[in-house]
Every structure is written in C-alpha cells, then in structure tokens.
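Enquirer: I'd like to ask you about the structure that follows.
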Amino acid sequence: MSKLTDLTLAGLRDGLGKKEFSAREVTDAYLERAGQAGPLNAFVRITDDIARKQAEDSDARIARGDARPLEGIPLGIKDLFCTKGVTTQAGSHILDGFTPTYESTVSQNLFDDGAVMLGKLNLDEFAMGSSNETSYFGPVVNPWRREGDEAKLTPGGSSGGSSAAVSARLCAGATATDTGGSIRQPASVTGTVGIKPTYGRCSRWGIVAFASSLDQAGPITRDVRDAAIMLKSMAGHDAKDSTSIDCPVPDYEAVLDQGVKGLKIGVPKEYRIDGMPVEIEALWQQGIEWLKDAGAEIVDVSLPMTKYALPVYYIVAPAEASSNLARYDGVKYGLRVEDDNIHEMYSKTRAAGFGAEVQRRILIGTYVLSAGYYDAYYIRAQKVRKKIFDEMMGVLNGVDLLLTPSTPSAAFGLGEKTADPISMYLNDIFTVTANLAGLPGISVPAGLDAQQLPLGLQLIGRPFDEETVFRGAKALEDAAGFTARPGEWWS
Amino acid sequence: MSIDRDTVLKVANLARIRLADDRVEPMTKELSSILDWIEQLQEVDVDGVEAMASTVEVSLPMREDVLAEDQTGGGRPEEVVANAPKTEDHFFVVPKVVE
C-alpha cells in the first residue's frame with residue numbers, strides 16, 4: 001500500500017471505512033509530515049493533542065459503525081477561521097494571543113462531520129495579499145520550485161498556507177477563503193484544486209471579516225472529487241449569518257461523472273490580456289479543446305466591463321475592510337500599546353499591530369468612504385459593480401460555464417512583486433469578477449509551464465450551480481491528467 | 001499626486017493609525033498611485049445605475065424576539081471579555097476619557 005499521506009481525501013475515507021488503517025495512524029502520519037515541513041512555514045500552529053483526540057474519537061465511531069462523512073480525515077484550518085480554545089490570529093500582530101471562545105460555523109460543520117484538525121494554517125495578514133508575504137508569521141514558501149533553481153516561490157495568497165500544505169501533502173485538505181481570488185489563485189500556483197462557492201453558500205460566522213460582501217469560504221484539495229466532498233460538509237444555511245442563504249446543499253460528488261456533454265461553455269475574449277505568458281494562452285486553448293472533445297459546445301462571449309473589476313474591487317474591499325478592522329483598537333482583544341490618552345492608545349496600537357499592506361488598505365478605505373469622496377469613489381464603484389454583475393448574469397444566461405485562466409502567471413519569487421502594490425493586485429485579475437458578482441469559481445491544475453511550474457484553469461458558473469462547476473472541473477481534470485508533484489526538498 | 005501629505009495625515013487620523021514621520025511620504029506615493037489607477041472608473045457611464053452593496057437578494061432575516069440560547073444569545077460576560085488586555089467586573093478598562 002502507498003503511504004497514507006499519498007491517499008486523497010476520498011481514498012482515506014474509503015480506506016478508513018474498510019478499516020485498512022486507523023484514523024490515529026493517518027493523523028500520526030500527517031502530524032509527522034507536517035512537523036518536518038518547517039521550511040514551508042505553512043502551519044502557524046500544529047494542534048497535536050486535539051488531532052490525536054479527535055482521531056481516537058473517530059476510530060471509536062468507525063468501530064461502532066457510526067462513521068460520519070469526513071470521519072478521521074485530517075485537515076488544516078486557515079487561521080482566519082475562529083477555533084474555540086485555539087489561538088486565532090489572522091496572520092496579524094494585532095490579534096496576539098486571541099483565543100476564540102467560539103467555533104466558526106464552517107469549522108464546526110467539518111468537525112461535526114468527523115474531520116480532524118491538524119493545526120492552523122498561515123495566511124496573508126487579514127487575508128490581504130496575493131503572495132502570502134504579508135503574514136506577521138513570515139511568508140509561506142511554495143513547495144514547487146522552478147526546474148534547476150532553488151529560488152523560493154510564493155504559494156499565492158491569501159490562502160497560501162492552505163495551498164502549500166495541500167500541495168506538499170501536509171494535510172488531506174484545507175479550509176480557505178476567497179475575497180478577490182484567495183482560494184483559486186493559490187490553488188493555481190501550487191497545482192491544487194480550489195473552489196470559491198457562491199456568496200452565501202458557506203456561513204461567514206466566525207471567520208475573521210475582511211470585506212463582508214465578497215468574503216466566502218471554500219476548500220483547497222488535491223483533486224476535484226475531494227473538493228466536492230469537502231464543500232458539501234462546509235456549506236449550508238446558518239441562522240447566525242444573515243447573508244447565509246437557505247437552500248439545500250446538493251451531493252456534489254454524485255454529479256461529478258455526469259460530464260459536460262451538451263453544456264455551453266463561454267470563452268470571454270476580454271480575458272486575453274496584454275503581456276500574458278504564451279504558455280497560459282496555450283493552456284487556455286488546450287482547455288477549450290479538452291472541453292470540446294468531452295462534448296461541450298464552446299461559445300465566444302464578450303465581457304467588456306472586465307477591465308473595471310479590479311479597480312472596483314480595490315475600492316469596495318478596502319472600504320469594507322476599513323470598517324471591519326475598526327474593531328481592532330486594543331480594548332477588546334489582542335495587542336494594546338498603552339498611553340494615557342485613549343486616542344493615542346488606539347493609534348499606537350493600530351500602528352504597531354497592522355502590517356504595511358493592511359495599513360495601506362485601511363487608509364484607502366477610509367479615504368474613499370470619507371465625506372467629499374464617498375460619492376465619487378465608493379458609490380461610483382458600487383454602481384460599476386452593478387454593471388459588472390448585470391453583464392456577467394447576462395452572459396451566464398446564454399452559457400452554463402465560463403472558462404478562463406486562473407492566474408496571469410505561474411508562481412513568482414518571494415519579494416519579486418512586493419515593491420509595487422498594483423502589480424501585486426493584478427494577480428487577481430481573472431478571479432475578482434466572480435467575487436464582485438458572487439458567482440462560484442473553481443481552479444483546476446491543468447499543466448506545467450516551461451519551468452515545470454503548475455498552471456490552473458478556472459471555470460465560473462451561475463449562482464448556486466456548483467454542481468455544473470464541478471462537472472466541468474472533473475472533465476478538465478480527467479482530460480489534463482495532471483499528476484506532477486513538487487520535489488520534497490523541504491523535509 | 002492625487003492625494004497630498006496633509007490628506008494622508010488626516011485620513012490616518014480618521015483611521016486611528018499613527019503614521020511615523022518617515023512613513024508619510026512613502027504612504028502618500030503609494031496611495032496616490034493606487035488612486036490614480038482607480039481613477040479609470042470615472043470613464044464608466046453610471047447614469048441611472050443603482051449602487052450595489054450585496055449580491056444576495058434577500059431581505060434581512062428576522063428572528064423571534066426571544067433571548068437566544070446559542071452563542072449569539074447574550075448572558076456570557078466572561079467570554080466577551082476573556083481576551084481583553086484589561087478588564088474589571090466584566091467591563092473593558094480604558095484610559096480616562098472624560099476629565
């Protein structure tokens with residue numbers, strides 16, 4: 001039998017069900033592997049004791065014939081999800097030592113289905129970043145390297161700890177969140193699968209808020225089937241979140257093999273951007289051929305508002321962030337820099353507690369919401385967002401899915417783009433529209449570039465139609481036959 | 001420069017973030033370049049378009065007006081202040097605000 005950590009989530013589930021190995025054995029194998037992966041900096045905290053206890057409970061349940069859908073499956077939890085009794089810091093200094101007295105709904109859903117928590121995963125501070133370089137705990141390193149080159153690459157952001165951990169097989173799957181592309185973009189540059197479901201599909205309760213109208217939780221996994229299994233457990237209505245939608249969660253795994261025959265798949269011409277590497281263009285074309293061969297009808301579509309999606313995002317997201325992050329003031333939790341004057345205490349605490357990128361975004365947000373600029377920037381952005389939404393929905397009236405690249409480039413080096421915020425922001429160019437319109441989107445590993453780095457393709461679907469998204473993703477995955485793995489230089 | 005030094009200082013004050021003297025100039029440049037880039041939204045015709053705040057078209061759900069028993073239900077002062085840097089009798093302690 002192959003190593004336990006080589007099995008997919010589905011493989012583990014089936015093997016545990018047949019009692020070929022125990023949950024405790026699987027958990028120990030992962031804990032050992034995660035413990036040896038220090039150079040990747042993917043985990044900010046490994047929760048050995050909790051993991052072993054949960055695994056033993058799972059073994060007892062399996063023995064009783066009482067297994068739940070994710071019984072004994074070891075997962076990593078992005079440190080943006082509040083976990084009861086386990087420090088949760090969102091990659092920030094300002095949340096030093098914050099130990100939630102409650103559990104996020106998504107992580108609770110996973111534990112209720114039997115999942116085991118291996119630990120908390122590193123991320124960009126407050127999920128703000130596209131490279132995982134803004135974390136107070138230092139950057140996560142992509143397990144992938146360019147061929148013949150030892151330069152450290154980023155695992156994408158902000159769920160870079162999640163993507164690196166799944167790619168390096170430090171956990172069977174991981175939770176992630178996506179505000180402008182933070183699930184799909186790291187999945188793309190690490191050769192993993194990441195789905196951002198429809199806004200409202202997963203509860204946001206207990207997830208540290210960045211931009212409330214855009215944030216949505218989803219899984220990062222090794223393959224499409226695992227994503228389907230994990231999303232089913234994460235999703236569902238939650239009365240504690242007023243933006244959570246009360247509609248049934250389908251069995252995504254059951255539809256995977258229905259294929260794309262007869263589906264109409266749109267290819268938006270505006271996603272052919274200047275300076276895009278030819279390999280990405282070629283892979284996109286290859287994806288079109290794969291879906292055509294699988295029986296889909298390919299339709300050229302036009303989304304002229306696409307170019308405005310990123311500027312809209314960089315008004316809306318910071319505006320919401322400036323409001324959400326106002327709660328970090330040194331009074332209720334975390335870091336406090338003392339001063340006899342309360343305003344000084346606030347200002348010093350927030351200056352010391354927030355990193356450069358977070359401060360930059362709070363200031364942008366405060367500016368666009370301030371009197372005199374509110375209408376010119378914020379209200380205008382909300383109006384352009386409506387136009388983007390309407391255009392997207394109009395196109396999706398005529399096609400079942402959209403096919404685009406996931407990222408404008410393969411993984412880039414640590415420090416390569418940090419000097420220029422806008423060039424960093426451009427990483428989200430293909431993903432951000434789905435957030436503005438609330439649509440489900442998935443990234444599937446589809447090939448390698450000339451330097452042997454993974455590249456992903458993205459499918460975007462209609463609201464609450466994750467089933468069709470998964471069908472398309474499985475067809476792409478089957479055609480791509482992506483089996484490459486990073487060399488294990490870190491252990 | 002779409003934003004000047006004084007505006008950055010004013011915004012930082014509104015946001016309650018103290019900017020060190022040597023951070024003001026770089027921050028002014030960074031914010032200016034981002035705002036210049038955002039400026040392209042001015043070319044979009046938004047006449048008659050309704051501003052969109054959420055993609056979810058539901059009216060705000062209301063619950064029965066009874067004390068909930070779950071974690072949103074109140075009555076847990078110890079948990080509320082459990083992570084606070086300074087507390088006293090279930091209150092958050094801050095420097096004197098009123099003279």
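Each residue, glycine too, has its Cβ placed from N, Cα and C.
The feature domain 'Amidase' is assigned by TrEMBL to A:25-469. Residues annotated as active site, charge relay system in TrEMBL: A:Lys78, A:Ser158. Residues annotated as active site, acyl-ester intermediate in TrEMBL: A:Ser182.
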Enquirer: Cα-Cα separation of A:Ser158 (active site, charge relay system) and A:Lys78 (active site, charge relay system), in Å?
Expert: 10
Enquirer: Averaged over the domain 'Amidase' (A:25-469), what pLDDT does the prediction give?
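Expert: Over the domain 'Amidase' (A:25-469), the predicted model scores a mean pLDDT of 96.
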Enquirer: Would you mind listing, in sequence order, the residues at least six apart from A:Ser182 (active site, acyl-ester intermediate) in the same chain with a Cβ closer than 8 Å to its Cβ?
Expert: A:Asp124, A:Ala127, A:Ser130, A:Gly156, A:Gly157, A:Ser158, A:Ser159, A:Ala176
Enquirer: Under a three-state reading of DSSP, tell me whether A:Lys78 (active site, charge relay system) is helix, strand or coil.
Expert: strand
Enquirer: Using Cβ-Cβ distances, find the residues under 8 Å from A:Lys78 (active site, charge relay system) that belong to the same chain and are at least 6 apart in sequence, listing them in sequence order.
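Expert: Result: A:Lys120, A:Leu121, A:Leu123, A:Ser159, A:Gly161, A:Ser162, A:Ala174, A:Thr175, A:Ala176, A:Thr177.
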